[in-house]
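**Q** Below you will find the structure I want to go over with you.
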Amino acid sequence: MYRYLAKALLPSRAGTAALGSAANHSAALLGRSRGQPAAASQPGLALAARRHYSELVADREDDPNFFKMVEGFFDRGASIVEDKLVKDLRTQESEEQKRNRVRGILRIIKPCNHVLSLCFPIRRDDGSWEVIEGYRAQHSQHRTPCKGGIRYSTDVSVDEVKALASLMTYKCAVVDVPFGGAKAGVKINPKNYTENELEKITRRFTMELAKKGFIGPGVDVPAPDMNTGEREMSWIADTYASTIGHYDINAHACVTGKPISQGGIHGRISATGRGVFHGIENFINEASYMSILGMTPGFRDKTFVVQGFGNVGLHSMRYLHRFGAKCIAVGESDGSIWNPDGIDPKELEDFRLQHGSILGFPKAKPYEGSILEVDCDILIPAATEKQLTKSNAPRVKAKIIAEGANGPTTPEADRIFQERNILVIPDLYLNAGGVTVSYFEWLKNLNHVSYGRLTFKYERDSNYHLLMSVQESLERKFGKHGGTIPIVPTADFQDSISGASEKDIVHSALAYTMERSARQIMHTAMKYNLGLDLRTAAYVNAIEKVFKVYSEAGVTFT
């Protein structure tokens, strides 16, 4: 059964084409412009009406500075929520003083607080020496520790880590994870190094971060990102615990995404992709949004395309495939494949593991065009930033763009998608599954016990005692004894009453987190008459939450 967010009957995707010419009339009916609170009596109209796209994102070029791009999205959200923040202040100040306070705190939130630039030497296996360059950016300490991944890529730059760190701050706020944002990058192509050399680089980078106070369970907690995984996180944890943290009982909480044997958590590897699935699920099951797009709710009979077959792309593909959607194309850096009859994720994964590439997969054809422009219902960019730009946005045929990557859409592309009534599910919400489960892993490390261990047997026994009590009551009622009225649970119920494993708890908590955050975004989009502009709604929610922390904690030495 599918949900209806709005009470009013909403127009179809074809019908929304007329909304552009009727926008002024709709605004007159509502008595306000885009960004102003919606009238409570018109929820459907608030969702359906497409408003003028804000001009606050200043970069109108096709390849904007990544950090400036994120700041522009922040400015757009801040301009919408500023009046509410002023109104909600409970201080004995004049209106002007309150506004100055709000604007001051917003200026505190926006910049990146710390950026560490590192260079260190390593000796390679052939005896040569090489200087490695790396960065760690901490965007905000409004909550500690800071949290953000470490990526290995030759494209790493100061601008990139600053932008990704700021996105992490807002991402954590959107899903109510109490961390500040951070990000790290090491400027290497890991394919050019042996495992021994990568271990040297990772351990030395960890030591450099530790010497500068940029890693620690209560200070800054890295995680996997592009070209890093459990192996690298295990090296980081071991290096920290064996050196700086050798007296700290919580030392292994200095990093998340570790193997289970090193304090990791079940479900972390697939967390980001699973979060992408749940994020899409929450909007594709919302009948009011699907009505605007001219789509039926649910995954059944939907087609999707994945750009990037890494951790996020693979697991997103798995879950969408499992729930009835059909993947018709997959793109990687070395080429793309296409099959209108569908691509099986397990078969493609096995092929890539064996051959090192998706190219040549026997059940699909090579695709020569842009993977982003394939005709489909859902497009999942799960590669790198700034993939959807002003130049290719007009040719995108998908009705839903689900941002599995960080910053895949430039402001100009975002504007074009708004004008075309394409639903963009933003990165700061959609790919927050990774940091959500990282939070669970961090808590597990601090508690020094796995989820469910203390209650697993008790809950299982309690459930069976309950069933036995019901059975005995029925037998007494009908005068039958000795198990003649057996209570037999269904297979699904049997799994549930057997007790929740750590993976069950993690999956359930992640699904709830994504659902609750989606509800908040939908509510904000309606409240401020944002239509399909979910990105601005997500930024508004993030800004409100971060602002509240600064406002109530106070600002030291000002």
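Placed from the backbone N, Cα and C atoms, the Cβ positions cover glycine too.
Feature table excerpt (Swiss-Prot):
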type: TRANSIT; residues: 1-53; note: transit peptide
type: BINDING; residues: Lys84; note: substrate binding site
type: MOD_RES; residues: Cys172; note: ADP-ribosylcysteine
type: ACT_SITE; residues: Lys183; note: active site
**Q** Hey, what's the Cβ neighbour count for Cys172 (ADP-ribosylcysteine) at 10 Å?
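**A** Summing over all protein chains shown, Cys172 (ADP-ribosylcysteine) has 29 other Cβ atoms within 10 Å.
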**Q** How would DSSP class Lys84 (substrate binding site) in three states?
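**A** In three-state terms, Lys84 (substrate binding site) counts as helix.
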**Q** Give the distance between the Cα atoms of Lys183 (active site) and Cys172 (ADP-ribosylcysteine), rounded to the nearest whole Å.
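**A** Cα-Cα distance, Lys183 (active site) to Cys172 (ADP-ribosylcysteine): 13 Å.
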**Q** Just to verify a number: CA distance, the residue listed as 'ADP-ribosylcysteine' to Lys84 (substrate binding site), in angstrom, no decimals.
**A** 22
**Q** For the recorded positions Lys84, Lys183, which one has the sparsest Cβ surroundings, going by other Cβ atoms within 10 Å?
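**A** Per-residue Cβ counts within 10 Å for the recorded positions Lys84, Lys183 bottom out at Lys84.
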